[in-house]
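If you check TrEMBL, you get these features:
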- 81-91: disulfide bond (DISULFID)
- 100-109: disulfide bond (DISULFID)
- 77-110: domain 'EGF-like' (DOMAIN)
- 1-21: signal peptide (SIGNAL)
């Protein structure tokens, strides 16, 4: 067994070859069309010389030797940090490097790191501050008045653009007061930049009996009200509560705005290390890592956690938030897979803290979160199009994200020898954004890229996203050699290679998972034969390669439609729940809109899975027991290649779209029953249930300790809907568990038969008997749930 600590003996380093996945044998009833066998990866050396330095040059050998010298020793010994990090950070005793808290930087955390709320150029940012900015914490506060530290988040007075060089009213301002006098009673309390305008601005007085925001106490009538920053709730932001940290620091440190401040002698991004050893949830040294052993790199916070600590909203790039009573709320985040994967691997029994004993290596760089921040930009977000040199500062977002990952790769290659040893074939990177690994640096061509977007086309000629600034396939800008910048990306070859890369599901909220009939035992009559509620008519064809529009055109005006024609528009104000009560058996639902689309999935036999602005949602129908109808030519769906998707789905070619309903009606009932039985086996693989169970267990352990409960949160068993009654029905055999099982199979097959061997799918598991509804259990309200 591989050691989980540095005390393990060094293992001989052998380069891993890429294991390719051969297509499964054709069965007469197989509903999924098979693609040609995966093409062998071209060696990295075949890329442009500018793409990556040759790995076998003298310079590369010297760099590898230097990296080996910089790697932590085995057997383990503590490495001291400069000035003990000046009490402003945590010392990583494995490497002797400080992990500085937000607001501090430099060797030994002796320098300052600022996060401005406003930009001098006057651009519009979500963090724009009408009060005083705490530049260490990126927090907008009153700065004066009776409560100078009170939040002024997303809060301004009308006409503020006349007093500062801002271009407009800005982004996301949920609260606007008539004048500065509604925030401050006196000119002296206002920020310095506003005092000189105080008289000219004619701030005016609040209505009689109303108290300005920065002076108001409990019980006062407010002249204005502002939003609270993450970590506070209440009418006056007076109730402090937990913020999300990785594994909530295991209760061995405080979570401060998204990063762990570990108690001595613990360290690591989630306080899981002590003297080179990994600790279990109970705080005892972990046993040897299960195989395959995975080493998780500890990167500088700028590649991941700084995106949490410098966020402005509690749901920004997180997958959970906390109530005023510190109860957990897992919420959907479109790119939350990279967070869920990171947290899961940190707490996994497969994790090792000895890189020399690892089978695989995970590099936790959050490119998806980084890209999504463009929708809520702050001046400190280091990819904003500030007015400077075009090539340096105005690269499109996707190109900047690619460079961010490249910087993380350079960090890993410069400090450890393992990437160069295998040319990255045993290294794992995640790319959850719209078009996934298309934007990965081309240097990662041999690495395992975990994504949602399974486009297999060689040398794809375009991108499909319609999001402004996020297209990766553009002729401009060009790099220093004059070639289009996208030639430095993985997508210039292909975006997904079956057998090497892996497709994991999108992260869905716990409430979405709790509503699954496989968990609740509540099964509705499936009156709808086929449903497709996706947006089609309001988007251009390239949004979905024209597939959504084709489905709409062929089937939205059928005689056997479930709903009246007036309800078929995407923005129609119809109550589909009410309409479906009167629908005919096995009708067809194409078009329409409802806040309770989960109920539509639960009432459907077959559900469409069609791309839109990138990847599609197969996890939604699977979790709700609806058989996926995959309409994605040349594109794999999530977990295809991990599971045998052909056993529980139907794949429709583009030229079959006009006959889609006829094809579905012709499927024998016995085969439908087999596919539904297969869904019951695999549905939990399309979730991240291990995270839900681990958080629940941690909070259960903390019930007897007020100190721990204040750090990890509370179960809140009386909460509605309560997770406690059904927690035991989840096995924890989730997406990450399946991914690790796939890696084990790849490793085992390679050792038995050598490079190039095919990899079998992971086991779907035994037959599952339907669960019965729990007496007294309230099924979650699914309106608006994602």
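Using the three backbone atoms N, Cα and C, a Cβ is placed for every residue, glycine included.
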Checklist line | Secondary-structure category, per DSSP, in which residue 81 (disulfide bond) falls | finding: coil
Next item on the list: Please work out which residue of 81, 109 has the most C-beta neighbours within 10 angstroms of its C-beta, and give that one of the disulfide-bonded residues.
Entry: 109
Notebook entry, point to check: Could you tell me the C-alpha distance between residue 81 (disulfide bond) and residue 109 (disulfide bond) in angstrom, no decimals?
Noted result: 10
Notebook entry, point to check: In DSSP terms, helix, strand or coil for residue 100 (disulfide bond)?
Noted result: strand
Next item on the list: Count the Cβ atoms, other than its own, that fall within 10 Å of the Cβ of residue 91 (disulfide bond), considering every protein chain shown.
Entry: 24
Margin query: If you average per-residue pLDDT over the domain 'EGF-like' (77-110), what number do you get?
Written below: 92
Next item on the list: Measure the Cβ-based neighbour count of residue 100 (disulfide bond), defined as the other Cβ atoms within 10 Å of its Cβ.
Entry: 23
Checklist line | Rounded Cα separation (Å) that holds between residue 91 (disulfide bond) and residue 100 (disulfide bond) | finding: 9
